Amino acid sequence: MSSTPADERQALLSKSNVSVSVVQEYGTPSSSGTSTPSVVKPSDINNPSRTDLIWILAGLWSAVFLGALDTTIVATLVSPIGSYFQKSHQASYLGTSYLLSVCCFTPLYGRLSDIMGRKGAMLLALSLFGIGTLLCGMANSMEFLIFARAIAGMGGGGVMTVSSISITDIIPIKQRGLYQGLANILFGLGSGIGGPVGGWINDTLGWRAAFLIQMPILVLSAIVITLKVNIKLPETKQTVRQKLARIDYGGSFTLVVFVGSLLLGLSLKTSEDLEWSSPTVVSLLCSSGIFGVAFVFVEAKWAPEPVMPLRLLTMRTPLFVAISNFCVSSNAFAMLYNVPLYFSAVRLNSASEAGLHLLPNAIAVSCGSVFAGWRVLFGLSVDLPLALLYFFRMMRKTGKLYWMTLSSAVAVLLSAILISSWNKYTHKLHLWFDIVFGGFGMSSLITSTLIALIASVDKKDYAVATGISYLFRTTGQVLGVSLSGALIQAVLVSSLRKGIQGPDAEKIIQSIRHSTAIIPTLDPPLREIAIQSYQHALTTVFTCQVALACILVLSCTPIEENPLPGSHEEQEEQERLRRERNGRVTA
């Protein structure tokens, strides 16, 4: 961030020479190692009037709200959409294709916002997100719908990123924490109502309406941004070609092919019942290995501003923060997509009832983020309520960040254990509230590990460290959704074949796999077999989430308890002590 008048309460990074992004809920950064945008100094812009500011925030935040809403709407609609197209075994691709696009394109938007301007980059992101969403509502096949979700993902990550950059530009630094808090509330609100709203729309108007109903809000957001968002960027000596040359195209491409080939190979093995020796599966897995090696080479030797700077991963805290972020994101998104499936396929609830069970989780996510006090990173505790201000002061004095991180990981583990024990005798209170611990722990942990990460690196590495954290979260989200879906299909097929015998067995098995909506219409013996098979498959996935949560707890234990930075002077002193300590170690 740019310089501001000296003040002991000013943001931690306000005098840094590195432009550091404001990070959104769930860790979406406004810049990464590949795309550090120029943040405008307050003195360089014409401060918008109060009325204009309201309109600008309405345009930006409505897009952020829709991005959050869309994520949980789709998670709720996975089962009914799969049933509609008779391809429930491919339904997890709806989440995978979107998240894979987000993983690939989000790191590019910081640089694009410098080249095209904030308005241009935001309108590009909205256009891609809107086109993808419109195509989703018009899709006539599962394959086309998956393709449309990938297009929406190209813009979805940019909507979050450029919105955060724009707010950083127009809001005075002492008030930025307050406005970021309001944005987080809207993000939590969108996440919270997406499940029940998506389910209700599906039950009343059909799943297509859940996509098409977003279009008017997207259009209004684009109009407001076109008319009101006019942010002047600082002069730069770099040409457009020089800016474009610094984007890590090679790293982004090899990462996507590496992850995408792995996911597609495993998914085809499980969902399409191919053999491990199948040429398609073998070629995809080999391609994944080749591009995985290529990704490491590009990041280590070739990229000017790599997506994942490997040198930071040789340090203790950044390495274990990256691992913990990967594990918690994978866990959270696997739960987000599979809990509604449990209520649809095992409890035989409607889509709206299944979506409602995500509401407590969304509330917990919002509360966990606020509780963890993410703005202490930027020295903006002045904007927090007095109770939270007292909490953070005590945290900084007593060094309890480590224990808060570890406690958050244990909360995720507790939630995974409780959910893995669900069966037909589980009390309704457990079905509603077991997921709360995971949501609260996930958001708290992402926040506290980000603070620990920033406290462990030099100022010049803030942006790239944040980029690494974001990259591991996004990759964890993609793998969590895809691999859990593949595992469900593998276990489901095995269980159904053990329980259903006879000449028409394979036809019945395929119909159950392809549509959960058929389960209530089956004869009682077959219905019970189908329910028990889905129960077994989902319990297997939830048990794997317990194992992943154990790894999460273990990965949090080595994270160092560095003093939390406060004022700029305090940060400079920590920098000096760190350099002296590193010098002694080298000697």
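Each residue, glycine too, has its Cβ placed from N, Cα and C.
Taking TrEMBL as the reference, the stretch among 182-201, 502-521, 522-541 described by the feature transmembrane segment is residues 182-201.
Listed stretches 90-109, 121-140, 146-170, 207-227, 247-268 were compared with the transmembrane segment (53-78); the greatest number of C-beta pairs under 8 angstroms is found for 207-227.
The stretches the transmembrane segment (247-268) and the transmembrane segment (280-298) meet in space: the count of Cβ pairs below 8 angstroms, excluding pairs fewer than 6 apart in sequence, reaches at least three. Each of 90-109, 121-140, 207-227, 319-343 was scored by its Cβ pairs under 8 Å to the transmembrane segment (146-170), and the highest score goes to 121-140.
Non-local neighbours of the transmembrane segment (90-109) in the same chain are 28, 32-35, 74-75, 78-79, 81-82, 121, 125, 142, 145-147, 149-158, 160-162, 247-248, 252-253, 255-256, 259-260, 263, 267, 271, 307, 333, 337, 467, 470-471, 474-475, 477-478, 481-482, 484-486, 488; each lies 6+ residues outside the stretch with a CB under 8 Å from one of its CB atoms.
Long-range contacts of the transmembrane segment (207-227) within the same chain: residues 55-56, 58-60, 62-63, 66, 69-70, 73, 77, 80-81, 84, 119, 122-123, 126-127, 129-130, 133-134, 136-138, 197-198, 201, 351, each at least 6 residues beyond the stretch ends and with a Cβ under 8 Å from a Cβ of the stretch.
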